[in-house]
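Engineer: Quick one: the structure is below, questions incoming.
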Amino acid sequence: MGKWTIPSALILLCLLSLLSDQGRKLQANAKEGAVDPPKVEDNIGAVPHGLQTDSDVVKRESDSISSRSLRNNAEKFEFQAEVSRLMDIIINSLYSNKDIFLRELISNASDALDKIRFLSLTDKEVLGEGDTSKLEIQIKLDKEKKMLSLRDRGIGMTKEDLIKNLGTIAKSGTSAFVEKMQSTGDLNLIGQFGVGFYSVYLVADYVEVISKHNDDKQYVWESKADGAFAISEDTWNEPLGRGTEIRLHLRDEAQEYLEESKLKELVKKYSEFINFPIYIWASKEVDVEVPADEDESSDEESSDSTSSEEGEDEADKSEDEDTEKKKTVKETTYEWERLNDVKAIWLRSPKDVTNEEYVKFYHSLTKDFSDEKPMAWSHFTAEGDVEFKAVLFVPPKAPHNLYQSYYNSNKSNLKLYVRRVFISDEFDELLPKFLSFLMGLVDSDTLPLNVSREMLQAHSSLKTIKKKLVRKALDMIRRIADEDPDEFSGKDEKDVEKSGDEDEKKGQYTKFWNEYGKSIKLGIIEDATNRNRLAKLLRFESTKSDGKLTSLDQYISRMKSGQKDIFYITGISKEQLEKSPFLERLKKKNYEVIFFTDPVDEYLMQYLMDYEGKQFQNVSKDGLKIGKDSKSRELKDSFKELTKWWKGTLKTEDVDEVKISNRLDNTPCVVVTSKFGWSANMERLMQAQTLTDASKQAYMRGKRILEINPRHPIVKELRERVVKDPEDEGVKQTAQLIYQTALMESGFILSDPKDFASRIYSSVKSSLNISPDATIEEEDDVEETETEPETKAGKDGADAESSGLKDEL
């Protein structure tokens, strides 16, 4: 036993020493810092690849947002020049109504939803499943990040679409809008030019567009509006499924758009009639029951116990109820709230729709948010073989490019719906081209849905719809005239009183005519079926209209007894036509003559041959009849020799006939054309055509007829000279000069202006008693010497001399 005691003690001491050293090391480590306990792996259970949200992604996103800089891994692009100009105007604009950005985004979202819904008619699978198939618009706010986002589940954009639509390729409307903006300063028209997206830079300094198209991956477009934008594949945001989400990082001065009430107000004002539901992620306070506090429960228990004494069973029951006592508190919750729940106007009865609603619907439909109301509208339902509902509007102003590509454009301002589904706005078969200025929509229950656009355009029902639309459109335009007090000249006062609010409707048809009069004229040329109805809508000035517009019906009511023809004249301007020699006798005899000064009027009168049994007569053409002249036969006989001689003298001028005139009073002669040939004004218009063929004009040019005034002293004196000596060269020269002067006064272009000028100068010489053989004084010949360039010293000296002169002065 003793042998083992000492070794055991030594072993025990060694163990104690080792334990104390280990303890000191643990204390030292504790002083330096605690060791982290083991953790579960951060990424365990996370969705791989694009849906993963790791710390690096979060950091990259936060850095990008905070610095408003484009992502480093994105593909960079430069904005097209016209787009940059547009964005500069918007960013630096002092335009006060910044609200328009939201309506433009909602309008674009609605267009995207229309496109995917149309594609789904023939392919149901394009809509997808679940939430992706819901065609709606969602608005969401993030006050902490100062971000407003708008999402739609429309057709979405591919990478190529993002580049094309939002940056590098300027749409045709971009240049037009920039010019309009610079001339008027009105940003409110931006949506009409197809560039409404860029209005976001009124309120945002950094914009992200996240988009997913069925045929491509999800991409992010981003820009700070600094002349560049970037596009990258989206591997960090939530998958959209399909559609587009626009995130606006608002400027400090645009924080009002982070208020729900403001956004609700804007949607109500501008987008109430959008055909897809618009939702906002709205906050809402609700009452929630929660358990009452312990202090409140104990107080209630003590008050209950002192108020009355009850049996032991009732006391136990009361204690159980008190333990379940609850209270109601306010709690903020969030849910999607629909903002546009108004039924489509065209589905309602016209009696139930107010004028204010029609005006708001017009602004929403046309993207024209100016203060002006449409001139008129027509809301009707057609029944029969083809059933449809329609709303037509006459805009207050004509589009800027209405007639620029009149025959080449297929664009229509009428939207076609089939059973509330938007189909297209490119059906040129719904309305004829001359009514393409009308805005509105047609919703048919008869047309088939699941066919291609080409097949639908060839559908027989469209012809019936077009016929009814034209009739209703012309009735609507006629109603503008019927309700205009300025159009009631000669009508009973009772009829005027029935026309409605005179102040508002006064001058409306004149305004309509100034904007769309050319379209009515084109309609007369193109639409033989409705030619007479359109002729009733014609307006013009005349010798008796006192500077106001008048109609054919009013002209006929003022016609003289026995007058069979409607007289008119064409030319460049009213002021020029009022002085025309063709009107002299007509004005003297108190006949009314219509002034046609629009170039299209020449074509118009080739189709409008008569109206209400009255023939049209151009007073600058042959065949004018003004009553009967008992001395006409005698005059013709007395001037027969002169007219025959004059025609022979003008044989080189291609004059078909010289005869006595019945239209002149103070002018010696005029040149008229044959009844079915071109007038002088038409010749001028045709010669001005860029691609005209001069060789073919000879077939259409009217035969020229010189009409002389037998009562004028020049003509009478010329007759006497011809009787004395028909071969007198001086008389022939005078006859030539008189003809050329008449040619020019009648509106023709001289084929040889130099010859005319020479004759004028010869006449001036004669009046000044200058000999025809007088020569022009020769100019002294002076040799031209080349001037040497100034030396630097000479130039400096000249400058110094000039400076000294200035000092003296």
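Each Cβ is built from the backbone N, Cα and C atoms, and glycine gets one as well.
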Engineer: Pick from 31-71, 769-809: which stretch is listed in TrEMBL under region 'Disordered'?
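Structural biologist: TrEMBL lists region 'Disordered' for residues 769-809.
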Engineer: Within 10 Å of the Cβ of THR244 (ATP binding site), how many other Cβ atoms can you find? Include all protein chains, please.
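Structural biologist: If we count other Cβ atoms within 10 Å of THR244 (ATP binding site), we arrive at 25.
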Engineer: Does anything in the same chain, at least 6 positions from ASP152 (ATP binding site), have a Cβ under 8 Å from its Cβ, and if so what?
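Structural biologist: Listed in sequence order: ALA109, SER110, ALA112, LEU113, GLU136, ILE137, GLN138, GLY243, THR244, GLU245, PHE276.
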Engineer: Given the binding-site residues ASN165, GLY196, and counting only Cβ atoms in the protein chains shown, which has the most within 10 Å of its Cβ?
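Structural biologist: Per the Cβ count within 10 Å, the most buried is GLY196.
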Engineer: Compute the average pLDDT of the predicted model within the domain 'Histidine kinase/HSP90-like ATPase' (97-254).
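Structural biologist: Here the predicted model's pLDDT, averaged over the domain 'Histidine kinase/HSP90-like ATPase' (97-254), is 82.
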Engineer: Tell me, how many other CB atoms lie within 10 A of the CB of GLU104 (ATP binding site), whichever protein chain they belong to?
Structural biologist: 21
